[in-house]
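Novice: Below: one structure in structure tokens.
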Amino acid sequence: MAASETVRLRLQFDYPPPATPHCTVFWLLVDLNRCRVVTDLISLIRQRFGFSSGALLGLYLEGGLLPPAESARLVRDNDSLRVKLEDQGLPENLIVSNGGDSSFPCRKAKKRAFKLMEDEETDQGYKSLKKHCKRQEDSGQNEKASDLETKLLPDETGRTKSKKKSKVTGSPAEEDEEETKKKSSKRKEKCEPKKQTRASKSSKQQTPKEGASQNCSFPRASPRSLGKARRRSSTGLKGSSGHLSESESCPESVSDGHCSVMMQEVTFSEKLSAELLKDAPATKTAAANRQASKPGFTFSSGKGKASRTSSSSSDSSSESEDQFLVSKNMLEGASAGFLKPTGLFAGQGGSGPGLSLETPGIMGWKSSDSNRGRQAPGPPSTPVPTSLGRGWGRGEDLLFGKGLRGRGVRGRGRGRGQAVSCVFNRSSESQKQRQLNDILTNSSVVIQNPVEPPKKDYSLLPLLAAAPQVGEKIAFKLLELTSDYSPDVSDYKEGKILSHDPETQQVDIEVLSSLPALKEPGKFDLVYHNENGTEVVEYAVTQEKRITVLWRELIDPRLIIDSSGSISST
């Protein structure tokens, strides 16, 4: 057996170790026969001072690191070692060996490198796809721009010639103005094919009902006609804020066809609103009374139809413009109040009752023809809201029954409409009357406990000086622990003597009186666990029917006579 080579080491920690958090400097006695390499010494320090098995410790002797694979003989007696807790992510290739040359690369570094490679690949693929899409768009724009240039009117060609002449003869300031105008016209031409492609996509996605009203051929208008239409719309629409918002929401980048269609819709909606306002005073009170008596809903104004068609025809309008239109329509609805019930279906005529929740006749309605101003067939005299919240989605029901199918009132996006305020009056007169007739009563019920049987008066029984014969019944008291584990004299208990030893004065008694209900074991009760998983509880307060006590431990023993049934009870 080799002699033990023990060395005394002074360990200095940067921070207190977990096992002894109050100190950072320690002395350690190490047997070098058990520690072959520095790793063994590190594991010993890790075990002694409560570090986890995954903690990376570094040993430094006079400022130099002791390599983990080096021999532990580097350490001599009374050396001072600095123990430093290394970071987990610093060593990329951590060499952990026990005498051999096996190396284990860090898993986290591998995962990070793998993630970086994946991110680079996805970025490259995304960039190449983006470039491909841009090339296709540029080629399509160039083709459409060339087609548009061939379709220019002769007056525009004359204008361009005059511009060229003025460029040759004009001053430098005029040349700058002409250049800026040319740039703006080029931008418009570039934007037009984009808007056309987007409009065609939106028309393909719409249902056949909407396609009938929106797939009409848009006439190409010259810039002069567009300017005239804009002037007419601005002069004719000063009174109504909703129509002004429509004319303002048509940006210059929108194509000429779209703007001309909007002007036609504006004039049609003006005529419709004028007709409605003529008939409104006669039917306002009747519509308001029907609204209060029957559960239904009203729409804010018929002018929202124009804004709905304009928003569905041009997807290029931003969400902020949509919200601006919606707020204007809501203000109009609040000021105008309840309109005529036949506002949306002006072509049918007749004013019927409001739409109740039980009517199953609403199977759908078609949007109006925006160019010709005629109404599609629909349920007569039915007030329908221009939009419900964010639009009726695919197959969503209106008013809990079979409702309007399809994609609903379309706004920007798929299945989204304008959030126009709708008034739902769901409380009927019968419900109000039922609530008024409800009567609340306060009643108190007295719950009486059952009458307890009267206790026997054992004081009339004869006292016993010695134990009676076997088989006799006695009444006695015992010194027991109460429920709060304090010693106290119990009440009278009835028992039957089973055996009696005259020498030791031990008595076996069978308790005849009822025992208290078993409770969960307390802190003074002993619980024994068996091998089969069962538990045996030894209560501090005795819970057994048969007890063995000394006769002198019985307090106030009395003999129960057979005629004790006639004992008076208190």
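Each Cβ is built from the backbone N, Cα and C atoms, and glycine gets one as well.
Pulled these from Swiss-Prot:
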type	residues	note
REGION	119-256	region 'Disordered'
CROSSLNK	LYS127	SUMO2 cross-link
COMPBIAS	144-159	compositional bias 'Basic and acidic residues'
CROSSLNK	LYS151	SUMO2 cross-link
MOD_RES	SER171	phosphoserine
MOD_RES	SER184	phosphoserine
COMPBIAS	199-217	compositional bias 'Polar residues'
CROSSLNK	LYS204	SUMO2 cross-link
CROSSLNK	LYS209	SUMO2 cross-link
COMPBIAS	234-252	compositional bias 'Polar residues'
MOD_RES	SER245	phosphoserine
MOD_RES	SER247	phosphoserine
MOD_RES	SER253	phosphoserine
MOD_RES	SER269	phosphoserine
CROSSLNK	LYS271	SUMO2 cross-link
CROSSLNK	LYS278	SUMO2 cross-link
REGION	282-325	region 'Disordered'
CROSSLNK	LYS294	SUMO2 cross-link
COMPBIAS	300-317	compositional bias 'Low complexity'
REGION	339-392	region 'Disordered'
REGION	390-416	region '8 X 2 AA tandem repeats of R-G'
DOMAIN	457-556	domain 'Tudor'
MOD_RES	SER486	phosphoserine
CROSSLNK	LYS493	SUMO2 cross-link
MOD_RES	SER563	phosphoserine
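Please situate the listed features within the shown structure.
Specialist: Sequence-distant neighbours of LYS127 (SUMO2 cross-link) (same chain, 6+ residues apart, CB-CB distance under 8 A): none. The DSSP secondary structure for LYS127 (SUMO2 cross-link) is helix.
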Novice: Roughly how many angstrom lie between the C-alpha atoms of LYS493 (SUMO2 cross-link) and SER486 (phosphoserine)?
Specialist: 19
Novice: Mind telling me which of the recorded positions SER486, LYS493 has the densest Cβ neighbourhood, counting other Cβ atoms within 10 Å?
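Specialist: For the recorded positions SER486, LYS493, the Cβ with the most other Cβ atoms within 10 Å is LYS493.
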